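Here is the structure we will look at, set down as structure tokens.
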Amino acid sequence: MDYKDTLLMPKTDFPMRGGLPNKEPQIQAQWDEKKLYEKILKKNEGRTPYILHDGPPYANGQIHMGHALNKIIKDMIMRYKAMNGYYAPYVPGWDTHGLPIETALTKKGVDRKSMSEAEFRELCRAYALEQIELQKADFKRLGVNGDWENPYITLQEKFEAEQIRLFGDMAAKGYIYKGKKPVYWSPSSESSLAEAEIEYQDKVSPSIYVAFDVLDGKGLVDDDVKFVIWTTTPWTLPANVAIALNKDLDYVQVRVNDTSYIVAQALLDNVCDAVGWDKEGVQIEKTFKGADLEFVKARHPFIDRESLIILGDHVTTDAGTGCVHTAPGHGEDDFIVGQKYELDVISPVDGKGVYTSEAGEFEGMYYDKANKVITEKLEASGHLLKLDFFKHSYPHDWRTKKPVIFRATPQWFASINKVRQDILNAIEETEFKVEWGKTRIYNMIRDRGDWVISRQRVWGVPLPVFYAENGDIIMDKAVIEHVATLVEKHGTNVWYEREATDLLPEGYTHPGSPNGVFTKEKDIMDVWFDSGSSHRGVLEARPELSFPADLYFEGSDQYRGWFNSSITTAVATRGKSPYKKLLSHGFVMDGQGRKMSKSLGNTVLPEKVVKQMGADIIRLWVMSVDYLADVRISDDILKQVSEVYRKIRNTFKFLLGNVNDFNPATDAVPYAELVEIDQFMLNKLYTFVNNAHKHYDNNDYLFMYQELQNFINVELSNFYLDYGKDILYIEAQDSHVRRSMQTVVYEVLTSLTKVLAPIIPHTADEIWSHTPHVTEESVHLADMPEVQSVDTALIGKWNHFLEIRDDVLKAIEETRNDKVIGKSLEAAVYIQAKNEEDQALLKSFDNLHQLFITSYAEVVDEPQGTDYNLSNVLVKHAEGEKCERCWNYSTVLTEESHAHPHVCPRCLSVLESK
């Protein structure tokens, strides 16, 4: 007889196959239709706010996996906070000014010189907004929940106005100044660069040793002696005005082939090796302390100019000669030491890297090509001691990938010195997940120079500065506020569309402009000043947000970028950090740990993965990686994640299928009346949920991923749900033992769905839509399951039982291999524990055979089988015949003539109760 229809088999419409690429857009359309983001905010209105401030990605180009990693973790954080009772608005942002957009337009064929600056800026604006729409669609497709209709954008008039006001506040406090100073300069971009825009790449440079003749030895050094310098930038020699020594080092005057030279004693051997001097033939004539040689004068090797001997702490014995070529116009250390000695700042190179008339005979030559010409000139005059070439790490423009130079130009600076200690104090008060994050930003602030905030471009926020006829700088607070008001109304193009007098307050006068003539600054602000002002233009400006934010979370490159500029401007103007906590993630590499690049063909694009596998697969991958370090992704890695997803989905299908006839309002069993194994599984669930809260709060998603797999695969699938089939399918529908188990299955189903909702939001909402008797229209409007106290004694008891059960499973497997049995229900188990406590534990169960998933189990007092870890186990083929309904073996089955033939007493009882 076929008893299939008498079994309570799982029933659910929840499909086995995810079909995420097609299903996710439908779910997202429902979210938009329901105005889910607004409903989530409404639900938590008036509760404790949690503010994660979005670091703005640059509005140019397709999003990559680094963007996906960043946005998905932010979304996981905010979805969890919202489900955990926080008012958690998420306002995405975009960074929109700067060179890449200008370059992108040029590549599209825009001829900048054929139009006005204002017209070119309009094209830049339109391009940026177009890019934002493309990126926005990609971010939304990843399931990122936020105020996408009202993002903040650095080109918005209100944002730009607040940025100008922030500049005004810093100027009023004396933190803004103009000076000629060597800055990182990119000839390929024709602009100065901030430290954050520099990346290091290998470069081959000339290495030359040059002799400078003594001009005035101050009675210490003879006139025919030469100082030896070493440099890898021969092109900077036209700007040389000094040679720096270290006051504490010993210097030696040595005789080599009838000529005397001065070098640091500690470097003499190195110099001999480098220039080819025979060490045996080198005679030390005199020894000096560096301090003794201060103010000795040398002669420039090819320009009629003195080169003063000065002292500087930056001179070391790490390399070179201990005598350092000093050009204040081309080096930061040179500039600093040069200020002390009031040296001329000579920088005879223009914005394109071409020598100016100040370079004399080299005028019109590109700086890099001058290396060869200058070296040849030195050789011809006998000043070149050695030329070599070597590969070293050299600063490059992070956008054009071309080398940069140090070049002294008139620039605007934000003083770091004046606020450095305050920023360091603010860092001390900031929370960091990892200590190295704190060390990194602390050291960067401690060691950084003043911040170059000017750029020689047009697409950006203008520096709101005017000049009087006599050259006086005008930075009055009232003037800057007037400009901010104009910008708030008309946007920053007003700066380019109006004359200086029309940008100043009506009737404005200045003693430096007797004729009422003014000019305006042409430079724009560094883009890091744009995004670094977002705490003012966004956190303080938007009513749903607040300053300081609870969290800033970006890639680890932002310690020198956005984290740095933000805390600098916030401390300078508000006296405190804009973030309470700082968290960072690593970079996304390929499966072998290599950087992704088109040339290697190893790029994995979010768009492609979403189309092939779905966004929830990318999100589950994000959960699975240690994001604090660099992470790896590849097709193989994503396939592994897909397998984990499939297992999760199958588990949910089973859970849903077994509560189709369960109503928690009428069928749930109180905890005290639950069958003990169900109490155990409920406590296991509580443990998982409690840990999930802890991991969410600590941003430890990898730990949660590992515990999730253990809970689903080991606790549920391998044990509880496997054991449960004999109850859920076989027992009477309304029996206590079945309702007890359904109570726990339902709790596992709803709790697990909620816990996973921030991770795989599409799948979680799909599960929720198939879950009977839930009241919320979306899982994202539900509350996270609460932290519960756990019965550790009960868990300990059952965990130990499961260890004994492992012995039984091994014995069953061995018996199956010996072909004694097939399925485990064909087995009868005879077990004796190795100690009295375990023996008593086994005897306390009245359904041991069910727990072993066998037809029979008996606790025996004498060992009959094989010794295992905790017990002695014998497995035989079960006696009797197979019940045609439950497939358990029984020695008592109904006869063929019975109304319900060939069933065991338990099944007969169930059938007769219907």
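In case you wondered, yes, glycine gets a Cβ from its N, Cα and C as well.
Keep in mind that what you see is a predicted model, and the values were worked out from it rather than measured.
The L-isoleucyl-5'-AMP binding site annotation in Swiss-Prot covers GLU554 and is backed by sequence analysis. DSSP assigns GLU554 (L-isoleucyl-5'-AMP binding site) to a strand. All protein chains included, GLU554 (L-isoleucyl-5'-AMP binding site) registers 21 other Cβ atoms within 10 Å of its own Cβ.
Here Swiss-Prot flags LYS598 as ATP binding site, drawing on sequence analysis. Long-range C-beta contacts of LYS598 (ATP binding site), restricted to its own chain and to partners at least six residues apart, with a cutoff below 8 Å, are absent.
Swiss-Prot lists CYS883, CYS886, CYS904, CYS907 with the feature Zn(2+) binding site, giving sequence analysis as the kind of evidence. Long-range Cβ proximity for CYS907 (Zn(2+) binding site), meaning a same-chain Cβ under 8 A and a gap of 6 or more residues, is found for TYR3, ILE730, CYS883, ARG885, CYS886, HIS900.
Positions annotated as motif ''HIGH' region' by Swiss-Prot: 57-67. The average per-residue pLDDT of the prediction over the motif ''HIGH' region' (57-67) is 92, rounded to a whole number.
Taken from Swiss-Prot, the feature motif ''KMSKS' region' covers 595-599. Helix, strand and coil residue tallies for the motif ''KMSKS' region' (595-599), in that order: 0 helix, 1 strand, 4 coil [DSSP].
In the three-state DSSP classification, CYS907 (Zn(2+) binding site) falls within a helix. Annotated Zn(2+) site CYS883, CYS886, CYS904, CYS907; additional same-chain residues within 8 Å of its Cβ mean position, judged by their own Cβ, are ILE730, GLU884, ARG885, TRP887, ASN888, SER890, LEU893, VAL903, PRO905, ARG906, LEU908. In terms of local Cβ density within 10 Å, CYS904 ranks first among the binding-site residues CYS886, CYS904. Following the DSSP three-state reduction, the secondary structure of CYS886 (Zn(2+) binding site) is coil.
Separating the Cα atoms of GLU554 (L-isoleucyl-5'-AMP binding site) and CYS904 (Zn(2+) binding site) is a whole-number distance of 63 Å. Neighbours of CYS883 (Zn(2+) binding site), defined as other CB atoms within 10 A of its CB across all chains, total 24. In terms of DSSP helix, strand and coil, the motif ''HIGH' region' (57-67) has 3 helix, 1 strand, 7 coil.
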